[in-house]
């Protein structure tokens with residue numbers, strides 16, 4: 001859940017957390033139903049503008065290819081998403097199944113097939129159980145509504161190994177004092193690594209924005225959120241984030257005076273950033289088998305890229321993740337992960353600290369180890385490592401750039417889950 005500390009002090013009076021999830025946006029109707037391991041979510045958002053970002057895996061699922069083509073003209077009226085089967089590595093049949101599901105949605109809601117996106121998550125390399133999916137589509141179409149519960153049900157229906165549903169919503173006061181809303185749902189717990197990870201995410205806004213503006217805004221938000229989440233380092237074949245605007249608020253997010261070269265309202269962009277980071281953190285916290293949430297902040301990097309690759313290297317490291325699971329404040333593993341990341345660094349300058357809640361302990365200061373056996377630093381660090389949420393702070397002290405990556409510990413249950421769940 002988004003809290004006040006997640007919002008930069010310059011925007012605390014501009015961004016308000018509200019209920020509703022994706023249904024916080026007026027005229028967006030959704031539904032979600034399940035039958036065992038299979039689920040279907042339907043989102044109806046007639047006459048919306050849309051932009052999307054997708055997996056960079058060279059093995060691309062049929063629904064990803066289909067949706068890429070569908071949204072090329074920037075128009076969207078519905079999304080049909082299913083869980084339990086990824087419809088990936090399924091050849092021509094996978095494409096036919098996408099077309100079949102779109103045909104059903106088109107007939108039920110009288111929507112052009114060219115304005116319907118598809119998304120899937122689940123087992124790779126298995127044919128779609130179209131009899132089950134068709135039945136679930138028909139069931140979901142009968143309970144479509146705009147409500148907080150509907151948003152929750154839609155989020156639940158696309159869960160696979162997720163243990164909790166994930167949704168969020170905010171209201172943003174624009175620079176001209178007009179208000180718009182942004183809401184979204186997502187899923188994802190495993191096969192999560194840059195760029196994005198077995199994740200589906202659907203975000204709506206009632207602002208006025210065309211595809212070009214939505215694409216620019218979404219890219220900025222994704223770069224610092226979904227692209228910074230690592231659960232296990234495996235990149236999915238089905239990653240899909242769709243961001244659509246129905247214009248119901250009658251308020252545009254364009255500004256007359258560019259700020260930092262952008263036409264996008266600064267408050268809106270920050271609001272979208274906050275929402276996407278919250279959804280990304282919800283995924284990391286629900287990582288397969290996870291017992292602890294890890295946040296790695298790199299400060300003082302020579303470039304933005306260096307900050308990103310260093311933070312992701314640490315949060316991705318199996319040795320660091322295992323140490324966190326075992327409650328070991330292992331600065332050696334942390335500095336090693338920074339060292340092989342490719343980021344510019346000098347071991348004599350690095351400072352490493354860990355924190356949880358309001359407690360912070362330096363492990364290394366300017367290259368000097370402080371948390372030796374028998375020291376108060378080590379004792380306090382070991383206490384922090386028992387917490388459920390741990391932040392690792394690394395200051396490279398050779399620049400002005402920062403980045404934060406999100407992940408979780410590596411546990412026995414991760415192996416158990418993935419040994420038992422076919423992917």
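Even glycines carry a Cβ here, placed using N, Cα and C.
TrEMBL annotations: computationally assigned, not manually curated.
Listed in TrEMBL for this protein:
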| type | residues | note |
| --- | --- | --- |
| ACT_SITE | 198 | active site, nucleophile |
| BINDING | 160, 187, 198, 288, 418, 423 | substrate binding site |
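In sequence order, 83, 121, 155, 158, 159, 160, 162, 166, 199, 200, 201, 283 make up the list of same-chain residues 6 or more apart from residue 187 (substrate binding site) whose Cβ falls under 8 Å from its Cβ. Secondary structure at residue 187 (substrate binding site), as computed by DSSP, is strand. Residue 160 (substrate binding site): 23 other CB atoms within 10 A of its CB, across all protein chains.
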